[in-house]
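Peer 1: Please see the structure below; I have some questions.
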Amino acid sequence: MQSPLSLALNTAHSNQFPSYFRSLFLTHSLLISAPKSYFSSKKSRDRISTCTENSSRILIRAMPSGEGNGALRNFKLNESTFLASLMPKKEIAADRFVEAHPEYDGRGVIIAIFDSGVDPAAAGLQETSDGKPKILDVIDCTGSGDIDTSTVVKADDCRCIRGTSGATLVLNSSWKNPSGEWHVGCKLVYELFTNTLTSRLKKEREKRWDEKNQEAIAEAVKQLDAYDKKHTKIEDANLKKVREDLQSRVDLLRKQADSYDDKGPVIDAVVWHDGEVWRAALDTQSFDDEPGCGKLADFVPLTNYRIERKYGIFSKLDACTCVLNIYNEGNILSIVTDSSPHGTHVAGITAAFHQKEPLLNGVAPGAQLISCKIGDSRLGSMETGTGLTRALIAAVEHKCDLINMSYGEATLLPDYGCFVDLVNEVVNKHRLIYVSSAGNNGPALSTVGAPGGTTSSIIGVGAYVSPTMAAGTHSLVEAPPEGLEYTWSSRGPTADGDLGVCISAAGGAVAPVPTWTLQRRMLMNGTSMSSPCACGGVALLVSAMKAEGIPVSPYSVRKALENTAIPVGGLPEDKLTSGQGLMQVDKAYEYIQKSCNVPCVWYQVKVNQCGKPTPTSRGIYLREANSCRQKTEWTVKVEPKFHEDACNLDQLVPFEECIELHSTGEAVVRAPEYLLLTHNGRDFNLIVDPTHLSDGLHYYEVYGLDCKALWRGPLFRISVTITKPKAVESRPPLIAFQKLSFLPGHIERKFIEVPLGATWVEATMKTSGFETARRFFIDAVQISPLQRPKKWDSVATFSFPSSKTFAFPAEGGLAMELAIAQFWSSGVGIHETTVVDLEIAFHGIRINNKEIVLRGGEAPARIDAEALLSVEKLGPTAVLNKVRVPYRPIDAKLSTLAAERDKLPSGKQTLALVLTYKFKLEDAAEIKPQIPLLNNRIYDNKFESQFYMISDPNKRVYAMGDVYPDCAKLPKGEYNLQLYLRHDNMQYLEKMKHLVLFIERTLEEKEFIRLRFYDQPDGPVMGNGSFKSSTLVPGVKEAFYVGPPTKDKIPKHAPGGSELVGAISFGKLSSAMNDVGKNPEKNPVSYEISYIVPPIQIDDDKGKGFSSSCTKSVEEKLEEELRDTKIKVLASLKQGTDEELAAWKKLSITLKSEYPKYTPLLSKILEGLLSQKNGEDKIHHYEEIITAADEVIDSVDTDELAKYLSQKTEPEDEGAEKLKKKMETTRDQLAEALYQKGIALAEIKYLKGEKLTDEEDAEAASDSHVQPDLFEENFKELKKWVDVKSSRYSTLLVTHERRKGRLGTALKVLNDMIQDEHPPKRNLYEMKISLLEQIGWYHLVSYEKLWMNVRFPANLPLF
């Protein structure tokens, strides 16, 4: 599962939409979340190493004061200042800039919004301040709205066509289509909607449906009551069956109400070329109960949005805006809807224009937008590699000036991956300015997310809140005295030492949202909001640069932003929170004007520790204890980077700058004084001496100034971050920080050297000094090479002074940051200082192997355990709760994608590889597909994209996923998993054609295998030497064994070669902590344990020859073998073509002449007839089946068979066992023939249009000249041999009950059949719909018809 940055949503009306998006950078301003903690009573404080901080020193960040940036003291809002606070612009001086330069309000600038999609109907997003269209294009880059419209149909004389859903669609006579070809497809509309909108629609639709169902129930109950009154005493069997039928109707309707599951309306789509452009229309009649609404002919046809800029809605009920785009010569229709309100909100902050409400304008109301939807609706708005790549392609194609992206997550490697390479290309070659959110995973350091906080070519933005925003946007009773960064805003540095956050901007707003939310605007906050605020500010600068003829370059714009930002906070290390500070548009504009003749250069910095060629980093990050206790020397290479179109002679050769180097901490970081820099770059050395620093956080910069133009400010910066950890010297290893004082927004960071041997931490936080509730963020972070930062976090609310204890994992030998922050708005206006006493205890049990593998035999695995720090309780527990089965693909298809959406800016064409895997579930299960090579990496992955779909043989999709696979609950049956991989290099995809995929199945709790422990190697076999628990003394190892599962415990669905996987833990928490019980996964530290399932034991009885008791001669045996071989050949023949069918018929006639009464042969002939496709003469086909069935029936000596089956004796020898099997097989063949004959008789009657009512049946029975009812006679004969209520023969029972007019009973039997069928059979559901129509329950008819498109889609959805 993905470990995303802390993502949540805060709104004025939180019930309107989801509270969580995996990758949208939003956060709660009032976060109420269950802490991941363990509670404890007071702990012993013996032998605690105590560090008492200066409790009187509470550093509130020194934010910019004065009205210019929204930092106001002792003020009251009026209406205008309140409205202005809802869309903050004052904080970044955007309001002053636009007031001074009204024509530089974003005009002439195009911004690509990489997000969840933008609603073109939302308030303020129709036009710019100068009357131009606001949104130039709306694109779904993910493909989540794609419909396969490759099926082409022709209209009949009535201008009707058949839609993919099966509906008859009437075309509008005014639509031009010179070719007469209509492309059709369909889509379940809920696949296009957000969960929130779907939930609202489901409630509305269920309410309407339930009204109709209640009417049907009332009528059914009325009929039952009337029958009971008419027949007070029922003794006749037929009357009892009639009453059972009426009761079944009531029961069915009531049960239907309980099982109601609305999968949503299906929309039919039609695409055609009108001679000029491709157009499309939608049929949405299934949306509305009102007749005539949503007809295809009434839909105003749309073409690609960029051509006419028109959009539509599905219905008044959903109020959801949709855009249609057509690709691949009409074979793909993309229906674009947003996957959350997030994208529209972001677009509104960036560039909304309200002519009548200018205070609510976005930052750049004159800018135009391109909406690039990267949030996949199929994944709950998660971004995908496909969406990201196509968005970059679209941004370049539309010649955008800026990109805003308020998405991201943690990353394994900074500044790495396929997407990062593409970003670098569009920034360096095409000069796009890329602005992105830094993340919401603070307050700990090194929590910036990718790509915004980790990619050199992207401007990463932190989130700032001013007093004005606090009072107005957040409606707090009292605003904080100074502005500050939001508590949750992610902090730098990156793992490779880069600052991480570039600048900060206002991180909250009340902005436009989509129409389907049924409101115009709402409050959201997060770095998702600070990024578009900054992007809008940059758009103002670009607007000015274009108007004044100044060349636009992301290099020069970024330099202007960084060198004119107002520092947020008074300490050097505050840069790790806010970057260079709060951006100021007006000052950046002045800087750009002054530097218009300066070369557009980006100064790339690469840093290596002397003597170590790898790794190469972008800054210096001394985090671990050893690196903080010695001097180190570093080689820095500064290399000027020009845009790709730079001229060698005019720009590269003449480039030469005399650089003056400065260090912000000469005593710690020493650098040369000067540097002559040319185009090819220059190396210089730095010496860092942290040996005399105190414990804690220290931040320095080495920066270079142009000696000839000092006004330019720093041309480049080398960040130096030192987090000197405090050693834990006491034993047991305990450390305490007492009387820590907190006010709203205050953060305490404690850096601790985790003792070697520690594996988990138990931390107790005791609060005092307050009366109202306090909310705290508690983060613990450690960093290891080539891993995402290991972060544990909790949100704890203290309703009153009390203690809470938390347990979390830790890695010994690594420095750990423990960050505790009082939430920025918690306690504001109360004026109470919260006092915190923090006690941290380190525990650890070291084992010899962190991944334990039991290799399928009877031998146990030896485990060595030792405690290095203190006495620990050793109580091992292990459980296997998953089965992991490997699969190879059965098919691999490589293709080149269409150029319209998938041609990279470089001109390369994207290729796609589709791998198909097959697996089978014998019963319902929860499964998760896993691809170890590719999973859990989206930005730090050299493969562009991956996506999978799991479907049944009917093409119904049960699950979809991407790099973060989710568990899916599947019914029993066979499944196909299709894996979709994209890359522009064919060789890489060729190597993936045999990629191993694992299906991990979660066992039911009753199937969990709890492993046993032993103190002897023979324990698993001998059953003695059980090991329970022990006490570990430091310096003394203890060994024991974990035994494999017994054979009877291995699940039946774990084939040989698969793995049983689970967790094992060793330590016990202190007595003050909650007991984790027998579940090792609840322990703060657990490890993976696996058992390789050995091959299945071969049955010794298999493969034996004939029994010696067999009395048949060799000639007889040979004749039987020859006969059976001939029958096998007949069964193997195909009948797909006329020649194959003729050959089958010829052989069947020949064999019948040889063995005229041999039942197995006649049964195979019947099977062959059943497998033939119905031709035009269906009645003749069914008559052939009846003839073949009669031949089988006549070949059976029913008297002898009945006599044998009536004997209930168990066979005593092998001969008797064979006879029993033969007789049972004969009975089954007889029953099958009777069953198929009955089906054929019913079908013939249906095809001839003969429908007898009960009255006609009675009249026919009284007429002695009427021929007997062959169906009923056949049915009675079948009942003699089998239980007709069994699923195999229930279809005939349904037909029988239906002929008798007992439709309720027929439906009940049919429903029981359907429940036993996996996968579902279409004919059963068609029969159900027919029965429902016959009864007159049309609300259920509509319901089942919609479900038909779910169970039996026309084709698989597109990737």
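Sequential numbering from 1, following the chain as shown.
Each Cβ is built from the backbone N, Cα and C atoms, and glycine gets one as well.
Pulled the feature table from TrEMBL, pasting it below:
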type	residues	note
DOMAIN	106-573	domain 'Peptidase S8/S53'
ACT_SITE	Asp115	active site, charge relay system
ACT_SITE	His342	active site, charge relay system
ACT_SITE	Ser528	active site, charge relay system
DOMAIN	615-722	domain 'Tripeptidyl-peptidase II first Ig-like'
DOMAIN	742-826	domain 'Tripeptidyl-peptidase II galactose-binding'
DOMAIN	869-1054	domain 'Tripeptidyl peptidase II second Ig-like'
Peer 1: Please report how many Å separate the Cα atom of Asp115 (active site, charge relay system) from that of Ser528 (active site, charge relay system), as a whole number.
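Peer 2: Pair distance, Cα basis, whole Å: 10 Å.
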Peer 1: To what whole number does the mean pLDDT across the domain 'Peptidase S8/S53' (106-573) round?
Peer 2: 95
Peer 1: Count the CB pairs under 8 A between the domain 'Tripeptidyl peptidase II second Ig-like' (869-1054) and each of 106-573, 615-722, 742-826, then give me the winner.
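Peer 2: Looking at each of 106-573, 615-722, 742-826 in turn, the most contacts to the domain 'Tripeptidyl peptidase II second Ig-like' (869-1054) are made by 106-573.
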Peer 1: Please report how many Å separate the Cα atom of Ser528 (active site, charge relay system) from that of His342 (active site, charge relay system), as a whole number.
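Peer 2: Cα to Cα, Ser528 (active site, charge relay system) and His342 (active site, charge relay system) are separated by 8 Å.
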Peer 1: Validating a neighbour-count step here. Other CB atoms within 10 A of the CB of His342 (active site, charge relay system): how many?
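Peer 2: Within a 10 Å radius of the Cβ of His342 (active site, charge relay system) lie 32 other Cβ atoms.
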Peer 1: For Asp115 (active site, charge relay system), list the number of other Cβ atoms lying within 10 Å of its Cβ atom.
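Peer 2: Result for Asp115 (active site, charge relay system): 31 neighbouring Cβ atoms inside 10 Å.
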Peer 1: Including all protein chains displayed, how many Cβ atoms other than that of Ser528 (active site, charge relay system) lie within 10 Å of its Cβ?
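Peer 2: Looking across every protein chain shown, the total is 35.
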